[in-house]
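Have a look at the structure below before the remarks.
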Amino acid sequence: MDIERKIELIKKKPTEELLTEENLRHLLEVGAPLQHYIGFEISGYIHLGTGLMAGAKIADLQKAGVKTRIFLADWHSWINDKLGGDLEVIQKVALTYFKEGMKQSIKVMGGDPDKVEFVLASEILDKGDYWQTVIDISKNVTLARMLRSITIMGRQMGEAIDFAKLIYPAMQVADIFYQGVTIAHAGMDQRKAHVIAIEVAQKLKYHPLEWKGEKLKPVALHHHLLLGLQEPPVWPIESEEQFKELKTQMKMSKSKPYSAVFIHDSPEEIKQKLRKAFCPAREVKYNPVLDWAEYIIFREEPTEFTIHRPAKFGGDVTYTTFEELKKDFAEGKLHPLDLKNAVAEYLIELLKPVREYFEKHPEPLELMREIKITR
């Protein structure tokens, strides 16, 4: 596969940002090993924004010949008070429910879960030289910068935090260099940590990325954050700037069950959540149902997406591109309820293998149901 095709696959939806394409091209041209990683806190049920968005991108990366890795961030989850801040529980969930859920998500999005390496953070944090890397990074970043970066944890700037949380951004950056990662992957909400990684890359003494005597910068790949199904905290949204400010609050959240569809939700739960979804008629800019259609259903174009309607409401209609769907919705030719029902049916069918897996292997899900889910 040539370099242009590899770049095309890596940039494909749901990629929203690549820092930078020039650096990626350089890594490909010099023949540097392409090692991907995406790190996850272990914090509750896997929703589509985690499972399907990451799974889709992992599938693309595999097709481009990249080695893929999922980093199960148990210590980071402990620092961020996930699952009651119980490290033992976090580790148990990471190696059962979360690992299996991500494998099934990757599979339904066209990837090969057997080609994904799963690494528990404890496996590398127990090594003494990991902490040398954390200190090395910390010496190259100001305290003010670290404080601004705590938003990667879902925390607000200015929020009262314990000191452990200040170590978190440096640990996340260290994870990249210590594992020899050349493609650091996450949702757009993790951007601040990745920018630090790029900026300190050529200053590090411990575990820098090196290839044939050259210190390399990692590529940061950020995928789209699916909008939550709930109404935005402010409506109407007056400007693109206001939308950017609200976007993190509008993303799917496992602590707000009706904002998210989980990978193992029943058909009835999926229908119910989509029925309640915020989907104003003719609204195409800030519409979570259209957002899901664009990034899940129309990730590959052309495709065939059929909306079934009674003849008196126009009968069945099939769309092959997202722009066709968006245009009809904007012009009022497609009713919100018809769109919601069709998206629900698509998701029910897409997630069927995941449901079947957890029906045959119920123990991981039963474990999750017994555990208090924290934000």
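Each Cβ is built from the backbone N, Cα and C atoms, and glycine gets one as well.
What Swiss-Prot lists as L-tyrosine binding site is Tyr37, Tyr168, Gln172, Asp175, Gln190. Residues annotated as motif ''KMSKS' region' in Swiss-Prot: 251-255. The ATP binding site feature in Swiss-Prot is assigned to Lys254.
Feature map: annotations from Swiss-Prot on the structure.
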{"residue": "Tyr37", "record": "L-tyrosine binding site", "DSSP (3 states)": "strand"}
{"residue": "Tyr168", "record": "L-tyrosine binding site", "DSSP (3 states)": "helix"}
{"residue": "Asp175", "record": "L-tyrosine binding site", "DSSP (3 states)": "helix"}
{"residue": "Gln190", "record": "L-tyrosine binding site", "DSSP (3 states)": "helix"}
When you measure from the Cβ of Gln172 (L-tyrosine binding site), how many other Cβ atoms are you left with inside 10 Å? 26
Residues with Cβ closer than 8 Å to the Cβ of Asp175 (L-tyrosine binding site), same chain and 6+ apart in sequence? Tyr37, Gly39, Phe71, Ala73, Ala121, Ile124, Val181
Please find which two of Tyr37, Tyr168, Gln172, Asp175, Gln190 have the most distant C-alpha atoms, given that the record lists them as binding L-tyrosine, and give only that distance in angstrom, rounded to a whole number. 17
Neighbouring C-beta atoms (10 Å sphere around the C-beta of Tyr37 (L-tyrosine binding site)): 22
Within 10 angstroms of the C-beta of Tyr168 (L-tyrosine binding site), what count of other C-beta atoms is obtained when all protein chains are considered? 22
The motif ''KMSKS' region' (251-255) [mean pLDDT, rounded to integer]: 71
